[in-house]
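Listed in TrEMBL:
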- 3-207: domain 'Cytidylate kinase' (DOMAIN)
- 7, 8, 9, 10, 11, 12, 13, 14, 15: ATP binding site (BINDING)
Ligand code: DC
């Protein structure tokens, strides 16, 4: 079984997709983490030959951690600076082509919940279940702000809101595989739902 969950930044996709996968006893794949890991790598390279760098790159998931060329980068890729850079970097067609192939390969022979921006529209077009998870931008910014506040007391809500709006714009307006709700995807608006309610709603549709 293939389940695709797409949606904008801060919609709670990762937490929800992970919980859905866990309840169904199947594999969870966070494709945003893959774009983040590649961005981290490219930012640290002087070489501008993306194709060559991509060919030499190894991305692996082990339990809840993501490894880039053998190194655990799970925390590093979550930094705000990387979030903004990834949104820019993910426009690059070479990077997309490389990661889409890798994602299809991962999902080939296993049951998965795969989460991202183009899963239902590009990566797993034939997924049995497709969901488009969203929430009001202010609600998403507030959730993100509360998360970031745990690590950084200096952060301002307005900055988080503006960053999120910028990422929404980038993700929905890029030429290659923009974030869209496909006709066959079920819209889930979590603005007024908590985690448990959202997960249950998705599981009801699947069952
Ligand atoms: O889901 P996330 O916030 O971790 O994703 C980080 C960035 O990666 C996001 O701004 C857009 C990009 N992305 C993408 O273009 N396609 C995907 N399937 C997943 C993420």
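Glycine residues also receive a Cβ, built from the backbone N, Cα and C atoms like all the rest.
Any TrEMBL annotation is an automated prediction that lacks curation.
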Exercise. Relative to the mean position of the Cβ atoms of 7, 8, 9, 10, 11, 12, 13, 14, 15, the recorded ATP site, which additional same-chain residues have Cβ within 8 Å?
Worked result: 16, 133, 135, 140
For this session: Would you mind pulling the DSSP three-state label for residue 15 (ATP binding site)?
Result: helix
Exercise. 7, 11, 15: which of these binding-site residues put a Cβ within less than 6 Å of any ligand 1 atom?
Worked result: none
Exercise. When the pLDDT values for the domain 'Cytidylate kinase' (3-207) are averaged, what is the result?
Worked result: 93
